[in-house]
Amino acid sequence: MKEPFDEPITQENLPRAHHHHSSAPSPASAGTSPRSARKPSSRPRRGMKVRYRRLAKSQHSTRIYQAELNRAHRNEWLPMHTTLAAKILLLLVSTATISFCIAWVMSRIGLSGWISLPIVMIVFAVIGHYFARYLTYSLTQIRDAAENMAQGNYHTRVEPTSTDEVGELAISFNRMSEELEHADQMRKDMIANVSHELRTPVAVMQAQAENMADGVVEASPANLEVIVTQTHRLSDLIAFLLDLSRMEAGAASLDVQTFSMADFLDEVVEPLEIADASHNHEIEMHVPPDLDIEGDRQRLSQLFTNIINNALKHSPDDTHILIDTHYEARGDEIVTNVVNFGSYIDPAQRETIFRRFAQGEHRPGTSSGGTGLGLSIARWAARLHGGSVRVVDDPRGANFEIRLPRIHQENDTSEKVA
């Protein structure tokens with residue numbers, strides 16, 4: 001499955017710069033003091049519209065499930081939706097009735113019990129064996145398929161032959177196989193991406209160091225800066241891998257502090273704005289100046305950095321990005337909407353994009369360069385604080401809504417997140 005987000009980035013390693021705030025209010029944030037309206041310097045490049053690709057297999061799980069049920073209905077000789085217990089009872093009664101009829105016929109024609117009893121038992125056993133094979137056929141298929149999956153053959157599927165619990169188990173098994181096959185492929189893609197990203201800075205540092213050792217280039221500050229830049233890049237990749245391991249384990253500790261949302265979002269947006277300057281995006285922020293929040297500043301930085309960076313990367317050049325934050329007293333929550341105008345996410349994809357190891361469709365001839373974990377890590381960081389991230393309806397474009405409790409609760413899902 002491919003989904004629309006790029007490699008997660010960390011707040012600490014991004015470039016810093018000072019910028020000026022604009023006092024121009026936004027119609028979308030009436031009644032809220034605007035923190036800033038930014039328009040970076042422009043060096044235009046060709047704009048890129050994001051198109052979200054439907055996943056090949058698991059996206060259609062519901063339709064596949066219903067189609068398999070319908071096919072099993074056509075092949076079923078017993079009534080539809082018959083439970084396994086009812087089938088067993090029906091088959092036992094039918095077998096006993098047939099055996100009784102055979103015994104009655106034999107007694108009517110004058111056969112002794114010593115002759116009729118073995119015949120009835122043989123008939124009973126044959127009919128019972130046939131019915132037992134019918135009932136256990138799908139279970140045998142599932143057993144064989146599970147053994148294949150244990151060897152890494154995730155493409156194995158089971159053909160459902162009934163509509164009872166065993167048939168539903170077969171269909172659920174197929175859905176699980178699809179999910180595992182997808183996850184395995186996405187992990188392979190992620191490993192390939194990370195391996196490439198690790199190899200590049202190592203190769204650059206090695207070449208630069210060898211050139212200095214051989215006297216090809218001088219150990220000047222500019223040449224040493226190349227090595228320093230690549231070490232920072234390696235550090236970022238290691239931090240990303242640590243975040244991945246924490247997310248896989250489902251556990252992380254929080255260093256809870258109280259801080260201003262306005263100042264915090266300024267710190268998050270500044271380096272993103274500098275890194276994105278050549279694309280001429282206008283970033284407009286509206287944050288109440290007196291709004292404070294309790295939370296882990298580093299984890300929340302991961303959350304907002306990945307969401308805002310995703311909006312920037314998947315917006316055409318010369319478009320508008322809106323970051324609007326307000327307080328909702330009803331749930332004592334701080335709600336932030338990050339809107340990138342011009343992009344659109346199909347409703348069927350709005351949960352899919354938060355899946356791990358999934359990447360967005362990129363332009364022909366280019367590489368996405370992402371690991372497919374940006375939005376997944378963002379949602380993980382939100383859930384650590386008892387909050388949520390989702391895509392909401394908005395005619396203006398893709399709108400990511402971030403909800404966080406204003407006051408951190410110790411019994412929130414901050415210690416363990418599945």
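Backbone N, Cα and C define each Cβ position, glycine as well.
All annotation found in TrEMBL is predicted automatically rather than curated by experts.
According to TrEMBL, the features are:
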type	residues	note
COMPBIAS	23-35	compositional bias 'Low complexity'
TRANSMEM	84-105	transmembrane segment
TRANSMEM	111-132	transmembrane segment
DOMAIN	133-185	domain 'HAMP'
DOMAIN	193-408	domain 'Histidine kinase'
Surrounding residues of the transmembrane segment (111-132) on its own chain - C-beta under 8 Å, 6+ positions past either end: 91, 94-96, 98-99, 102-103
Per-region confidence, the domain 'Histidine kinase' (193-408) (mean pLDDT, whole number): 83
Tally of residues which DSSP labels helix, strand or coil - the domain 'HAMP' (133-185): 39 helix, 0 strand, 14 coil
